[in-house]
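> TrEMBL feature annotations, pasted as is:
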type	residues	note
DOMAIN	42-108	domain 'P-type ATPase N-terminal'
TRANSMEM	84-102	transmembrane segment
TRANSMEM	303-326	transmembrane segment
TRANSMEM	357-380	transmembrane segment
BINDING	ASP428, LYS429, THR430, GLU545, PHE594, LYS619, ARG653, THR734, GLY735, ASP736, ARG844, LYS850, ASN872, ASP873	ATP binding site
ACT_SITE	ASP428	active site, 4-aspartylphosphate intermediate
BINDING	ASP428, THR430, ASP869, ASP873	Mg(2+) binding site
Amino acid sequence: MARVRRRLEKLKLSTLYSFALCAKGSTEDHSKIGTAGFSRVVYVNDPDRHEEEGFRYPRNEVSTTKYSLVTFVPKSLFEQFRRVANFYFLVSGILTLTPLAPYSAVSALLPLSVVITATMLKEGVEDWRRKQQDIELNNRIVKVHRGNGSFEETKWKYIKIGDVIKVEKDNFFPADLILLSSNYPDGICYVETMNLDGETNLKIKQALEVTSDLQEDGDFTNLRQIIKCEDPNANLYSFVGTMDYKGMRHPLSPQQLLLRDSKLRNTDYIYGAVIFTGHDTKVMQNATEPPSKRSKIEKKMDYIIYLLLCSLLGIALLGSVFFGIWTKADLRNGELKRWYLRPDDSTVFYDPKRAPLASFCHLLTALMLYNYFIPISLYISIEMVKILQAVFINQDIDMYDEESDKPTHARTSNLNEELGQVDTILSDKTGTLTCNMMEFIKCSIAGTAYGQSVTEVEKAMALRKGVPLGDEIEAGGHKEKQIEESPHVKGFNLKDPRIMDGNWIHEPNKDVIRDFFRLLAICHTCIPEVDETDKVSYEAESPDEAAFVIAARELGFEFYKRTQTSIVIRERDPNQNVADYQYRKYELLNVLEFSSSRRRMSVIVKEPEPEGRILLFSKGADSVMFTRLAPDGRKFEEETKRHINEYSDSGLRTLVLAYRVLDEKEYENFAEKFRTAKISGSADRDEQIGEAADSIERDLILLGATAVEDKLQKGVPECIDKLAQAGIKIWVLTGDKMETAINIGFACSLLRQGMTQIIIALEAPDIIALEKNGDKDSIAKASKQSVMGQIEDGIKQVPTLGQSSTESFALIIDGKSLTYALEDDVKFKFLDLAVKCASVICCRSSPKQKALVTRLVKHSDKVTLAIGDGANDVGMLQEADIGVGISGVEGMQVAYFDAL
């Protein structure tokens, strides 16, 4: 394994990326550094200097609890006496300590003390569990530089601003860091931000070139830098700063920022400088205070108690008035009317001469005497019932997960009754609706559909139509028996004997099939790792990429080795019964990687001799790829489009695969244009690179399409279908891109064919032009007007309550638009549109936006339930009436919050 790692360390990964790393500096205005909002100063590798300079930065220890040792008693007592009945019994109990009491103080105060103590203990235990989670988090270990090039293991909570730390593979970042270097020579590292934005794709970060040579522990002995940057804020996607190093000032951008709670992947280690700690980190800036939730029934009980108190006061007041009248009449002109009561020798409680005071004392006594109107036993009974319900929930075998050996855990029993009154469910996508597993399940090659596996969506559709899926499955226009189960390979679930085990050689379009498989094995940015047994594993930016190279391997075209200038494919001879491999080494000329704006990826390679051709392999979204086909490259276009539509209906994610042969002169012209664009220092550098790539990615020849299934959690489509039948609205709040979210929406039956989609996005040409100019005020004004206009247009489309319509609507909005839709003068229009839609999907949502959307939905006075499994979902769960945290792959933090 060490041999493999040494080989990878020599590989400059920046050569694989033409777009992701082309912007070396931030587009933000660095002239703001040092002004209000941009005043942070960090002395790297000299953390003690901050105190000497008068800076007061917080510790890295975080707390997500509701109480502390000091605040537990007062805050918990306040929570208890927010209940009207508890407050009444407290006042009544205090009065029993006076001579007015008709019974002993013990009989009044003891039941109240039992109820209050039991409830406080329950709250304390629930908060202690949160505290345990904080302790585990704060006591995690990371290596911190302690001088002389020595890195010592240190607990997270002891990390200070300015510390240089070393984070190793598959570990979380303990604070917000500036990336200094990694084990790769060009300072590249891969980061998983699933906990922050829910995205499964790995992000590429790169250190400044001036620090990327800090490769060893000893290089940090005399390191001194000054970082000046923005103050702590909640924006996950922007960062402005500068680094003073070796007498020069270098601009910092989000490309160098590593955020707390994100994870280092596919990289052995990185060195970073701490710039934000504890509650100053961006993830904690997105967090909200733990709320004190009360169920609607509990609030309703308060109103009922008010009514009973008014009745009680009325009865007591009426009795006291008559008591005062009769007491005053007991002694008139020295004559005793009720002599047997001895009114001439009575205490203040029965003194005819002080009848008003006696009447008031009688009122207080009556209020205590009639307090059975407010049954404290009801509260005791309800608390006992809730606790028992929580016990039953914890022991529910249907909610036990055998794989992780985890039962359901009701973190609080205050909200049990709300579960039966839910009107709107707000759900995270990644890890909640989906499993974060991509499987290559079907493909269309040369107009022929391959793959007999059945997707979850197809099963759900068949179930709804009442058509059972038998042992025979329609495939390629004819029925074939399902092939016998073979050992399952993660990421690959293609079942079709026509192309498996080398049988593709007998297909009529075998050359197209071969090129299709070669494209899968070559067109990607994966890194192979070969172990001692010559078995290859892959480290990929996304599950999709991994699924493609695994599929190519299983079909006989194994991606075996990558260098900066070549790719080696190990091809299995389909004509041989025994494994006979042929190694084909392709010269790697260019990689034009995937981006959300391009929606495609291309690789330019030169074939090994004797062919020696220069090939451009490309894959991308059908909306982009079909427009780039050559007139003579559309032979299978209609059949492929039909298959893509079928795959989309089945909830699969599709990509179109195509290629072209380049002549040397054409490639040389492109290479010169592309090289000039990459080294350009002009403001439109990105556009120049994009134009160069666009000029070569044309006149393609269609090979086919892939269909990958984003595996849903078991039973998700059926569950959503039943919830929809029950009239429960479902909102999906995700950090994923809009295209991904829409695909999953169809896969899990949240979106259905025939449903009208209302899409709110800031993709208009005038907005894009303003963004290029960089005038923030103009951008904000135009963006807000655009969002308001789109919301108003959407409201006109959706019929009002009085109008009848069989058409159903889905609202889809991206994160930028959501920023403006949640502003005070727009949010209720947005809510008005959203509540009229059957489904709502919010894409590219930050953790804070998720919480704000949830708060907005609560304005409709409906019970909301939020479900999530990552730290980015905590705010949403806390804001909802009920929060359900799942112990998922995104992390355990969310499981310690809220109701269930």
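Quick reminder: no glycine exception, Cβ is built from N, Cα and C everywhere.
Remember, predicted model here, so these are calculated numbers, not experimental data.
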> At the level of the C-alpha atoms, what whole-angstrom distance separates ASP873 (Mg(2+) binding site) and ASP428 (ATP binding site)?
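It is 7 Å, counting Cα to Cα.
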> Just to be sure I understand the packing, how many Cβ atoms besides its own are within 10 Å of the Cβ of ARG844 (ATP binding site)?
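Excluding its own Cβ, the number within 10 Å is 23.
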> Between ARG844 (ATP binding site) and ASP869 (Mg(2+) binding site), how far is it from one CA atom to the other, in Å?
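About 17 Å separates the two Cα atoms.
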> Count the Cβ atoms, other than its own, that fall within 10 Å of the Cβ of ARG653 (ATP binding site), considering every protein chain shown.
22
> Of all the binding-site residues given, ASP428, ASP869, ASP873, which has the fewest Cβ neighbours within 10 Å once its own Cβ is left out?
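The binding-site residues ASP428, ASP869, ASP873 were compared, and ASP869 has the fewest Cβ atoms within 10 Å.
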> Looking only at the domain 'P-type ATPase N-terminal' (42-108), what is the model's average confidence as pLDDT?
86
> Among the binding-site residues ASP428, PHE594, GLY735, whose Cα is within 10 A of the Cα of ASP869 (Mg(2+) binding site)?
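Matched binding-site residues: ASP428, sequence order.
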> Including all protein chains displayed, how many Cβ atoms other than that of PHE594 (ATP binding site) lie within 10 Å of its Cβ?
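Here the count is 23.
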